[in-house]
């Protein structure tokens, strides 16, 4: 177990927990006191999502562009990504498909998360459109991260131990499937319900 779960593992997971705590504090500070629990949890997720994209994934993008790669880089964040690349080898060698997706994630999805969080704070219902756009992009990104490797027998994935399989590969990726799907369903219900109510009102006049 000591060879699997290292100090780098601990610090990396504590970093994720710290980002989650920061998102929670942001919701208490920036949202109106009477914000619904649904809006509050959505705000927390979006803030957490943005901070993960900018800090963790942003650092990986830095280490994986302009001829750089994680496996030849140094520093605490490079060490963290070296550990993750032990679970998915592509993250250590700047795989071009992953780099392409992460460019969109860091530069596109990250700012969009903050914009939607701002819309929640301002009680702007237009956020539901952007939530669907963001959720679709994140689901597509997850699919394109793993599907190409699955189709060739998953040669880059290491599932030989619990940490790599259940924490890094499953948990750290499945939450970006379950939560976007839930948000997409909620926003679809809001948009569809609003449009149907408006249509019914027009027909009744």
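Cβ from N, Cα, C; glycine included.
Lifted from TrEMBL, the feature list:
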type	residues	note
TRANSMEM	12-31	transmembrane segment
DOMAIN	38-184	domain 'EXPERA'
TRANSMEM	43-63	transmembrane segment
TRANSMEM	98-117	transmembrane segment
TRANSMEM	129-146	transmembrane segment
TRANSMEM	166-184	transmembrane segment
- Message: Can you break down the domain 'EXPERA' (38-184) into helix, strand and coil residue counts using DSSP?
- Response: 117 helix, 2 strand, 28 coil
- Message: Do any residues, 6 or more residues outside the transmembrane segment (43-63), come within under 8 Å Cβ-to-Cβ of it, and if so which ones?
- Response: 15-16, 19-20, 22-24, 26-27, 30-31, 35, 69-70, 73, 77-78, 80-81, 91, 94, 99, 102-103, 105-106, 109-111, 113-114, 116-117, 120-121, 179, 183
